[in-house]
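Report on the following structure.
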């Protein structure tokens, strides 16, 4: 090997890894060179090789500094440090965003339809530009609440903010990672959802987007404008003293580096922040030169302005509470929920800021005290049944009193009264010696079930000019099913005296499916979460307004007031046989019994006819009319009775009745969601009369779900699934448990009753809608959620479920039974016979 080089004399022996001076060039420790010794003091080295190594070393040093700077720009940037701070310190606020994200991604609350409240908001009964504009305002308010609360709690940890222009606005820009991600996801989700909504024009989605954008921009402009005009930055507040202070500060290079290193050792290190042009900017390294008390004055000024905005928002919510019945002020349900979250976020921020380490203790103390005082009269204000007289001393709710009202004499009296009703019903068919009796049992399921029930009843009414309805003597059910039955029954009653009323008119489908949730959630926000203090008068009595009142009031408006009457108003039409009996049942939470509400006492639902067990029999139900007779039970508002049967937890409050102890009621679906038990009980009690006077009973069941479904596959559970699966199984299988119990009872009745009993079933099964009824963009219909508000897509899936093969087969069977002049059914109903199941 040959070398082109020079002979370098060394002052000492060359040792690998030590620095050496060659021709005045300092070689760093990082260089690796290969010496070749010719003698003890002479070394041959390739000079070009050394030069290359020096250049390479410098290049690596520059690249390292660039990499280090880029890492600092990202890791020690204000947005990233704020995100890490929230994950470490403000997790409760982050969880609110995670919850909302889970909702709009349909990971949470799908069965209850919660995501659709955000993806398809409704204002004044329609999805529009205005509804999305309001959603934009709601999310902007929540975002600003998040910014304000975290700024109040954590802004002091970043003193450099005090010396930048518009510190709070800079904070919002840098604190926008979480809200920005949420906004992007929400916009993409609602656009995708609306594109699948079969709008008249896809450009409407862009219209909605601009509405949402406008609502957000207007809100941000107002709030940021307020801060721009009211907040003064550090240099305006302390212009003179700062100028003098800065003249004394020598910003030499060494001083800057020293302050820069000092900043890097702080607890919350921030080297860069985004300015208002969204460009990274270095944090001033001389912050420590400014007086801490003056820096804090800037933050205090910002805190005061934030407090003013928070107070304004709360006062605005209180203001809305005074006009909550004005439809123009009834916000979309999702916006109401968003405002509620915003208030919670602000409360968390305020408590954390003012109480610091005592915040947790204070919150738990408040909860304990609130729980203790909650049963005091000024806080525990009952949710009453409208129409009842609560000024009368409460009736005793005891086993002895219950037994006295279910005595054999009273049971016999009630049975004889209903026998008279049955005789009047039969008198409608002078040409039929033994007419078929129809009983309809409709399942609960919120507005989904109400709309499905009305649609099926309309289809039944269309058979031979209402012949099926003329033969119907009993309606039973739960929750939304009862509401649908009650609504159609009233329409049918009016059609008997007013030829202009057509029960087949599609406007009744629109009325029963109109939004009923917005006023409930809105009232919860502006009234029920606070101390209820507004009253209204009904039938000479004064009652407090609550979200139960909002439910009834909205249902009354949707149905044009036709159900707003006392239960006694139906006594004569039911007695004459003009309309079917409709015993509205609700579940008593005290002991699990049913409360049967009807203009006719029906004590026979609560005890055996023979009474052989005597005192050993646990009574199954209580007759409302007789039990609360001293409280004007016959004047109970019929809308209230329907609400008592459809009291879904947390959505509408449990009603408290005037008894001692207080009787509370809730959704009867927990006991019998399908109404079949009541129908079978009625058959059993009047089996002798039915045998002698009818040609048998046709039990029509209207289900909001399929009765027979394929067994779902199972997979090895994860840890969380092992914890929650038992509870999930109880809830998910409650429908199956009741269905199986009803099947057992029905089979027993078929085998034991002395008359012919046939069951015809209608099922809401959107996935089985026939292909020809679907649009080109639909593979299957979307199943409607359990809610008091339906999207356009959900309404379509409900209405078109009547075209499933099973439902068409059921309609065909009804035509065979009740068409007075049979015609060729194949021409009018082209369906295939389903195999027997």
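Glycine is treated like the rest: Cβ placed from N, Cα and C.
Transmembrane segment is the annotation TrEMBL gives to one range among 64-90, 91-117, 253-279, and that range is 91-117. Segment annotation: TrEMBL labels transmembrane segment over residues 329-351 (candidates 329-351, 375-397, 398-420). Range annotated as transmembrane segment by TrEMBL, chosen from 21-41, 42-62, 168-188: 168-188.
On the 0 to 100 pLDDT scale, the domain 'PNPLA' (442-680) averages 92 in this prediction. Away from its own ends, the transmembrane segment (91-117) comes close to residues 146, 149-150, 178-179, 182, 185-186, 189-190, 193, 332-334, 337-338, 341, 344-345, 348-349, 517, 784-787, 789-791, 794 of its chain (Cβ-Cβ under 8 Å, at least six residues beyond either end).
The stretch from 129-147, 208-229, 304-323, 329-351, 358-374 that makes the most Cβ contacts under 8 Å with the transmembrane segment (168-188) is 129-147. Tertiary proximity for the transmembrane segment (208-229) is limited to same-chain residues at least six positions away from its ends with a CB under 8 Å from its CB atoms, namely 127-141, 144, 166, 168-169, 172, 183, 187, 190-191, 194, 302, 305, 309. If one looks beyond the transmembrane segment (358-374) by at least 6 residues along the same chain, the residues whose Cβ comes under 8 Å of a Cβ in the stretch are 351-352, 380.
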